[in-house]
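Undergrad: Got these off TrEMBL a minute ago, pasting:
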DOMAIN    53-107  domain 'Ig-like'
DOMAIN    122-205  domain 'Ig-like'
DOMAIN    223-308  domain 'Ig-like'
DOMAIN    313-397  domain 'Ig-like'
DOMAIN    405-486  domain 'Ig-like'
DOMAIN    495-593  domain 'Ig-like'
DOMAIN    600-698  domain 'Fibronectin type-III'
DOMAIN    703-800  domain 'Fibronectin type-III'
DOMAIN    805-899  domain 'Fibronectin type-III'
DOMAIN    901-996  domain 'Fibronectin type-III'
TRANSMEM  1006-1025  transmembrane segment
């Protein structure tokens, strides 16, 4: 629910009756403007109305609203409710007219606005192409929006934002991106991003490509101011004013500001590399003509504009409620100040007045001659200028029909405090005005210095005492009759209040208790209220720190404590305790001083800037009751990780100083500075950052590091280095000087590398042989001159491809599918091989149809796999490196062995003898095209164990040991020169843990296994066929 006013009503408590006294509507709080987000889930706007019995009508843009004719409008207990609020229909100024039997008043206008941001046009944007060094403006063309939006630009892809500096500027007036001098690094895609500060909604534009033309580089040209503030700037008093000024130019222009016939206010700040002049809390004296100037070596240009500060009307004199007899003359005057000077108009019961008859209007003065009862009502003086209106309201009562005096209420009770003055009022209703007399008991009161009758017929008793107690009678009489009112006066002892301690000092984070003790008349009840800096403490809102504690008191005293916990700096101030009875009110105050870290120093100004230093000045902040001991200077640049402490001159900046020099800065780097104060309690918050300033250019002082090289093509010298960070380039026009000479020669060859991002230089010369050693160093330069060189290192030119062939190449078969090849490296010479390549092919085929394998490193052996059995192969070896391949060796021949037997061992027989197992099988016979059998391999595996037992034998039998219980698997293969033959069927033995295979050592059991049968003995024995 959004409402005009804060917890407010229209007339934001409009009151029509107080006790028994009746009067016209009175505004206690008037409505405030609303900014309603269209994207809000709550589509209902509620404008609050009165709680009291008054008539209310609502107007929009001067037209009365009819809640019966439009279902979206409704009045609930005087509140105006707008359902399905629409920007096109409901935007405007709202005003309520409230009235009762005594008159009608109008509220101030309350503006209802809607916050939204539309979508960019989806139409693709054309590319922008410019020459290097030329300036460019990229248009944002924002969508419809309300209120003003915040602009930023995305480079290539979100969230990579364009960083603003002296060369790039984003106008918050136009939304456009301005680049004063385009560089190759600017080439890319640009997207305008707008943000609504109320709804936080963000919208992205279609991308705008920026490319460089290839027809040359733009030469230098004088500045041209592309964006500037208006020739006439109007600003309300008290706001922050931003004046923009940015120019295109080559070299990048420098922006300066001045105020014609005056000085720029000290509170002003330069932002965004001086492209924005920001003046906070603008005042009338800040008005004037401001000039921005853009300059570069090619020339300069300037722009001037007039800044005018306006103020809303403010009351100097207001009208007050007045009661008169018929026939008297009324004179009211209201007066307001403002710029422009306000004009005045008058309303009676919400309707405009003009001079006619008995009524005279002249600016802020209104005169009514011989007032009559018909002149009674609610009057409003309206002071307005083009920026706003204010209302002063008053009720005029004309005593109408003649009547005898009447007192309401009657009698009245008055309780006074001993020694204080007493006022006894006498306000009868009567027409014409009655004659007033006072008496005490039966005797008329004799006036003196202590008992005084005021002009409004109030009886004043000075320095009251117990003797003044009693009944006082006011008699009112006119020609129509008389009446009396009795005021019963009691005089009580004055209440005394003591607040202790009266002054206390604490440190941040501590707690304290203030005790308020009131001594008072025993017949009176006392109520307490706590105040902080003269404002009532809201214990619900500040309950985390404040607590009021009622404590026991004596018969004639009452005590209440204020507990303040976890004290913060903001809790320093004056605390008041107000004790109130029906007789009097007494107020006592205590001062709480809070010691804490210092407050932030004032404005930081960069007084002077050099290549490596910045002289800063600042104003002293609050010490928070603990003297400032030191200041710490901090700097931030595009290259730093947040704020970093900088070295200073003097080394220690003491608390009595307000200026120091930051030293050991890097040249040609844009810095912001801030200052942090410390005292014995701690370190305070930092000051606001200074404006960004760039140190001056200097000759580079940092040489490239990690200079190395090598590789490359034949006759090339490749030199590489780690580039110097922009932070240490010290100025524009940065590049590298690559110097080299053949080892043992005198003169250096120097080559300029103009790109600051370069990391390599290649030099080619057909005359120098491979692996020629060179002395190399890499230096730096910029527009200011040449910087240092790196240390001299030795770098060899490219070595070239290998020239020599590998020697002692041999090849021999190790199985039916594998040939092992070995060789020795070639004799030393240019082009050392880094790896080797082995080519192989069958002697019945051509070399081109063969295969190749390469070593991982520079190994001198290799096993060729996947070959055909019983086949002859030709093999060559050659070395290679990054440059190329060397010559191959002479081909050598190797023949793979015949394939292993395909027949597996059959008829496995097992005989048990204690823990040993004797195993035998039928011999395997190789076929004519298979390798001869040279033995057998028996594999014994125990399930659940990773270790396998392998037994080799030349006979078709063997003895195995099974020491542990478990499940065993046995496999048998024939061995040949061609490799391992086919595996037999598996034999699986299951034994009990810890038991031998047979309980009778001499018992012999013979089991013959076939492919289809198995027998069981003392142990379970079964074959598993493959």
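Backbone N, Cα and C define each Cβ position, glycine as well.
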Undergrad: Which numbers of helix, strand and coil residues does DSSP report for the domain 'Fibronectin type-III' (901-996)?
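TA: Secondary-structure composition of the domain 'Fibronectin type-III' (901-996): 0 helix, 54 strand, 42 coil.
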Undergrad: Hey, which of 122-205, 495-593, 901-996 has the most Cβ-Cβ pairs under 8 Å against the domain 'Ig-like' (223-308)?
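TA: By Cβ pairs under 8 Å, 122-205 leads among 122-205, 495-593, 901-996.
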Undergrad: Going through 313-397, 405-486, 495-593, 600-698, 901-996 one by one, which has the most CB pairs that fall under 8 Å from the domain 'Ig-like' (122-205)?
TA: 600-698
Undergrad: With DSSP as the reference, give the number of residues of the domain 'Ig-like' (405-486) in helix, strand and coil.
TA: 3 helix, 43 strand, 36 coil
Undergrad: Give the mean pLDDT for the domain 'Ig-like' (53-107) on the 0 to 100 scale.
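TA: Looking only at the domain 'Ig-like' (53-107), pLDDT averages out to 81.
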